[in-house]
Amino acid sequence: MAVFSSERLLAYSPPRKSPSRTHWPVAVPLRFISLPLHGRRRLVVISAYRSPSSSLLEESSDEVAAGEPQAFRPKPQKPAAISDGFIKGLAKSPEMEALAYDYYRKARAQPEYQPDRQTLRVLIRYLLKCRQWDSISALSEDFRALGVFPDAAACATLVGGCIGARKFKLAEALLRAFQDKPTVAAAAFGAAMRGYNKLHMYSSTLGVHEQMRAAGVPPDPGCWCSAMDAHRKLGNTDQVFALFLEMGPSYHSARIYSILCDSLGRSGRAFESLRYFREMIQRGISPDSSSYASLISSFAGIREAEIAEDLFQEARQKQLINDPAVFLKLVLMYVETGALDKTLEVVRAMKELKIGVSDCVFCAVINGHARKGGLRAAVRAYEELISLGCEPGQVSYASAINVYSRLGLLAMAEALFQEMLDKGFDRCVVAYATMVSVYGRSGRVREATRLLARMKEKGCEPNVWVYNSLIDMHGRATNLRQVEKLWKEMRRRRVAPDKQSQGVQECVRLYEEFRMTGEKVDRAIAGIMVGVFSRSGRIDELVKLLQDVKAEGLPLDERLYASAMNALRDAGLQTQVRWLQESFPFPAAKS
């Protein structure tokens, strides 16, 4: 056999001596087979080589065939059987993988063909990659028909791939095929449960778990873990605890304990969760960061500050605290318990651990100080966070702008709003609404209108708060035409008016008409308008109304007194707060 790269091949036979005449070499074209190889090269194989004499050339082909003995005729040979090695060899090349599956289907027609596990593995890999679900279904039927199954890893890959592609019926058929094979069943069922959990189909996970039990397949640790996790996500704490007891101590791992502790903590059983956490440590099982995060969050949620702090310090020493959500839980806990200074300590701890201070934590600190300590405290907290190197996000900027605007520091609010825009946060509806309200209260109609136009230019749809501020601003200026225009725009944009949009303006209008008639304010009208002015942020009107109420000698009930007090405090009007306390004494409110 010889190999050539040219297609013009000639073979010359050696000269034969004859007593009668001399024969020159005769060129005979040879037959050859061209096989494809990688790239653009082709393999040329010579199939015959002979040098006939001139006398043979003179004979006809029929005479030659008749002169040959019957015994020397070539017998037709059977086609060579397709082997697993041939199929796997084709599958090694990405260009030949499709051909490998075609040859597998041809080999399947051979009576005694039995594929090995490695062949099935390479076929599964190819079919999943090409998403040939009909071929996978046919291959699964071959498993049962031939009695040959892939190894456990290939079965798990096959089932998990079908569920990930949402071919649930095909996955169920595969599980039915695998459930009678103990060597692969647990891996296949475990892959199915993990796949359903990734898709948040927790009920399907539990259905697979029940099918596994009914088939008598012994679960492995991964199956127990997936079933417990599904029950935890569904809030079935009792089922999580039952599975924990059923599996036995030999299966208890750090992941199993973590799921149990988290489930108990979420259901309000934080102390029971802590008991099993200590049991895990006593058994020599090292906890992971998720276990500490779950416990700290559980005790922070029930306001057990001391235990939460101890667990936090313990996790910090072991370097097992890295979840920003835990720090947010601690900040919220300290806000609710009134320990506002410790919220800043949490932020300092985050900086020391090189954990980024998220916008949620930043905003929670500001809003917590504003709600529990007042607006001035919120400003100090904001400045402290900036000094620590924290970067505010969109929500934090909106909260800080709101604080400055409620304090009447309009220049600071405007500067902070511009800083926010410069950093690219130009689509925050809350910040726009706050600034429109700021411009409206200060009578800067042109700036408010310009800001509304910029808001629309950025593709940020105005909400009902923005329209409320604009309507209030134009209503004070008695620009009824503009108010009507805004109402039509709200209807066109399908912005549903809230109670403030519909009720506040009407109340104010009726109250002004009532005062213009010279009527005196009685206790009922005073109670209504204190609530209206307090909720709508009309501080000037509120102060004037309180002065009229004081002059008339009318008392305020405790609810309206608290409403007015909160409105004045939020506005930072400490002088008016002291005047209100002196004019309308309420011992319970003072304390």
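From the backbone N, Cα and C atoms, a Cβ is placed for every residue, glycine too.
Unlike curated records, TrEMBL annotations are generated automatically.
The feature repeat 'PPR' is assigned by TrEMBL to 253-287 (among others). Listed as Cβ neighbours of the repeat 'PPR' (253-287) (distance under 8 Å, sequence separation of 6 or more from its ends, same chain) are residues 221, 224-225, 228-229, 231-232, 235, 237, 240-241, 244, 247, 294-295, 297-299, 301-302, 304, 307, 320.
The annotation repeat 'PPR' is assigned in TrEMBL to 358-392 (among others). Helix, strand and coil residue tallies for the repeat 'PPR' (358-392), in that order: 27 helix, 0 strand, 8 coil [DSSP].
Per-residue pLDDT, averaged over the repeat 'PPR' (393-427), rounds to 92. Positions annotated as repeat 'PPR' by TrEMBL: 393-427 (among others).
The annotation repeat 'PPR' is assigned in TrEMBL to 428-462 (among others).
Summarising the annotation, TrEMBL assigns repeat 'PPR' to 463-497 (among others).
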Summary of DSSP states over the repeat 'PPR' (428-462), given as helix, strand and coil counts:
26 helix, 0 strand, 9 coil
Close approaches to the repeat 'PPR' (428-462) from elsewhere in its chain (Cβ under 8 angstroms; 6 or more beyond its ends):
394-395, 397-398, 401-402, 405, 410, 413-414, 417, 420, 469-470, 472-474, 476-477, 493, 495, 537
For the repeat 'PPR' (463-497), what does DSSP give as the number of helix, strand and coil residues?
26 helix, 0 strand, 9 coil
